[in-house]
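Q: Supplied in structure tokens, the structure appears directly below.
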Amino acid sequence: MFSLRSGCPSVMTAEKSGPVINGKPEDGRDPEGSSSSLDSDEYVYNERGMWNNKIEFILSVAGEIIGLGNVWRFPYLCYKNGGGAFFVPYVIFFVCCGIPVFFLETALGQFTSEGGITCWRKVCPLFEGIGYATQVIEAHLNVYYIVILAWAIFYLFNCFTTELPWAGCGHYWNTENCVDYYGENATNITNPNATSPVMEFWERRVLKISDGIEHMGGMRWELAMCLALAWFICYFCIWKGPKSTGKVVYVTATFPYFMLLILLIRGVTLPGAFDGIKFYLYPDISRLSDPQVWVDAGTQIFFSYAICLGCLTALGSYNSYNNNCYRDCIMLCCLNSGTSFVAGFAIFSVLGFMAYEQNVPIEAVAESGPGLAFIAYPKAVTMMPLSPLWACLFFMMLIFLGLDSQFVCVESLVTAVVDMYPETFRRGYRRELLILGMSVISFFIGLIMCCEGGMYVFQLFDAYAASGMCLLFVAIFESICIGWVYGSDRFYLNIEDMIGYKPVFFIKWCWMILTPGICAGIFLFFLIKYKPLKYNNVYTYPDWGYGIGWFMAMSSMVCIPLGIIWMIWKTPGTFSEVQTFTGKILFVEFFKVDKKTENTSRKVLVIYKKVYILI
């Protein structure tokens, strides 16, 4: 029923008291008597750690949500979907989906002081599958996201030279089709198979990409070593939980802003920069009639806000009980979207310069995703004076942007497991060993993506395992669970108890109606408009490749219905008995301990009229 944080003992939970019938536990004990046992060790959680201050929480969340997608996806979506007109659907989804779900997950973690799985067990065991779904997505994400860091580290090592290796042809990995062109020469190419040196460096030096997923080829040991280095750094960023994470984020969350500012100043001073910015922002209102524009806006919100991954719940769980998470969430959401907007100026000013130098339209150089980070931007810096310096700064920014997103995701998964088995992992160095075990397993799985055919596997993970479709599916059930099953009114009372006042009423309506409705609409659009993945819009995967992709996608989504079926099956009683019981108003006393002053205050909880047996 009502679960509390560390230091605020849980009086009645499904696993301790059993289902509630007519205001009493199923075993017949008087709930009023439960307060007498509050002094026993049975109700005291082991120490799980907290943030030392609010800044550590803010920086940790900022580091998680402000990542590579802010730099390489949002600006391109603006250009692709009508420039400034794209902000119309983006702001609508920001208000109706982004902020409500972001706040829901953070507040839930702070209220329960639990990780991504046990938080749902506390408020509604019927929907505990939501927690498992988020952690499955996160496990997939932990395996493939860090591969991007390995690529960036590889590029960074190649920046420490007087001439960038992708600046020209003549290297052992270049082919006879390599053409070192720019300026007017770009329009005089007659070879239809001509390729640029930056493209050949990416495909033939970095990836050594094979013909398809059917031909995985040999291991790229240089990439494997970069991947090992990335995991080594990640491990020591989180091995002591919030104690180490809270210190590391002072660097990892702030350094990218300095780099972004430097690159922005450099970008807007280049010739042709404002042509690129014009393409980025020029509004095309007619694009708003295209449903794909609205879908892109919605999925970008879910990608960039790290919602439905359990990360926000885990980070919020280390807050003090009375932290104003509502104010924090509003500020962090605005910071995230503001960063995406500013990053667009830094990226498109450079792309405008690149188009100007090559005498080609901006459409010919605009890229998103890995194409922007490892092809378009590296090519642009070769046209600048002191190109190794700017390349070094750019890849350092990418590494720091991706690093804190990665280690926070790993920390969230570890938190979920530790909170499920506290008696096992909150002893000695077992938590550190758990992190080490997860890191090693994820590293060895990720080695598949360091093979010559690894890029095809990476694309499968990106398009299916952690796709917007999976996130939308989870968001639908999160909103339904809190808005209707647990009850938005009850959750508002919980929030009021934490922060001292109720949030704006609109968020409650979002949880109940707008968020699940919008997410369901986009989810159906995904299914209706589904097109099989193609690498570079050319290579078609074999059927078994698509099968693997759908298996990874379903591995998370199936957790929710299976969790519901399992909970109903194992709960005694008829189906109607399992659904609801009407009971008396229940008063339960509990003690709230202030960790700083050690003062203990006595409070009374009121659980209203309708009591769900599975809540």
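Each residue, glycine too, has its Cβ placed from N, Cα and C.
For reference, TrEMBL lists these features for the protein:
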REGION    1-39  region 'Disordered'
TRANSMEM  55-72  transmembrane segment
BINDING   GLY63, ASN70, SER304, ASN336, LEU401, ASP404, SER405  Na(+) binding site
TRANSMEM  84-104  transmembrane segment
TRANSMEM  141-157  transmembrane segment
DISULFID  CYS169-CYS178  disulfide bond
TRANSMEM  221-238  transmembrane segment
TRANSMEM  250-274  transmembrane segment
TRANSMEM  294-318  transmembrane segment
TRANSMEM  330-356  transmembrane segment
TRANSMEM  388-421  transmembrane segment
TRANSMEM  433-458  transmembrane segment
TRANSMEM  464-486  transmembrane segment
TRANSMEM  506-528  transmembrane segment
TRANSMEM  548-569  transmembrane segment
Q: Report, as numbers and ranges, every residue of the chain located at least six residues beyond the transmembrane segment (506-528) whose Cβ falls under 8 Å of a Cβ in that stretch; write 'none' if there are none.
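A: For the transmembrane segment (506-528), the nonlocal Cβ contacts are 93, 96-97, 99-101, 103-104, 291, 294-295, 298-299, 468-469, 472-473, 475-476, 479-480, 482-484, 488-489, 491-492.
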Q: Would you say the transmembrane segment (464-486) and the transmembrane segment (388-421) are touching, if the rule is that at least three C-beta pairs must lie under 8 angstroms and be 6 or more residues apart?
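A: With fewer than 3 qualifying Cβ pairs, these stretches do not touch.
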Q: Should the transmembrane segment (294-318) and the transmembrane segment (433-458) be scored as in contact, given a threshold of at least 3 Cβ pairs under 8 Å and pairs 6 or more apart?
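A: Counting Cβ pairs under 8 Å (6 or more apart in sequence), the transmembrane segment (294-318) does not reach the transmembrane segment (433-458), since there are fewer than 3.
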Q: Let me spell it out: take the transmembrane segment (141-157), skip the flanking residues so only those 6+ beyond its ends count, and list any with a Cβ under 8 Å from a Cβ in it.
A: 68, 206, 222-223, 226-227, 229-231, 234, 309, 370, 373-374, 378, 391-392, 395-396, 398-399, 402-403, 405-406, 409-410, 413, 438, 442, 445-446, 449-450, 454, 458, 461-462, 465-466
Q: Can you work out whether the transmembrane segment (221-238) touches the transmembrane segment (330-356), with the criterion being 3+ CB pairs under 8 Å where the paired residues are 6 or more apart along the chain?
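A: The answer is no, given that the two segments have fewer than 3 Cβ pairs within the 8 Å cut-off.
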Q: Could you give the residue numbers and ranges of same-chain residues that sit at least 6 residues beyond the transmembrane segment (464-486) on either side and whose C-beta is under 8 angstroms from one of its C-beta atoms?
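A: Residues 97, 100-101, 104-105, 108, 120, 123-124, 126-127, 130, 133-134, 137, 140-141, 144-145, 298-299, 302-303, 307-309, 508, 510-513, 515-516, 519-520, 522-523, 526-527, 533, 549-550, 552-553, 555-557, 560, 612, 615.
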Q: How many other Cβ atoms sit within 10 Å of the Cβ of SER304 (Na(+) binding site)?
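A: There are 23 of them.
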Q: Around the C-beta of ASN336 (Na(+) binding site), how many further C-beta atoms are within 10 angstroms, looking at every protein chain?
A: 26
Q: Given the recorded Na(+) site (GLY63, ASN70, SER304, ASN336, LEU401, ASP404, SER405), which additional residues of the same chain have their Cβ within 8 Å of the Cβ centre, ordered by sequence?
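A: Apart from GLY63, ASN70, SER304, ASN336, LEU401, ASP404, SER405, the close residues are ALA62, GLU64, ILE65, ILE66, GLY67, LEU68, GLY69, PRO256, ALA306, THR339.
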Q: Given ASP404 (Na(+) binding site) and CYS169 (disulfide bond), what distance in Å do their CA atoms have, once rounded to a whole number?
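A: Each residue's Cα considered, ASP404 (Na(+) binding site) and CYS169 (disulfide bond) end up 35 Å apart.
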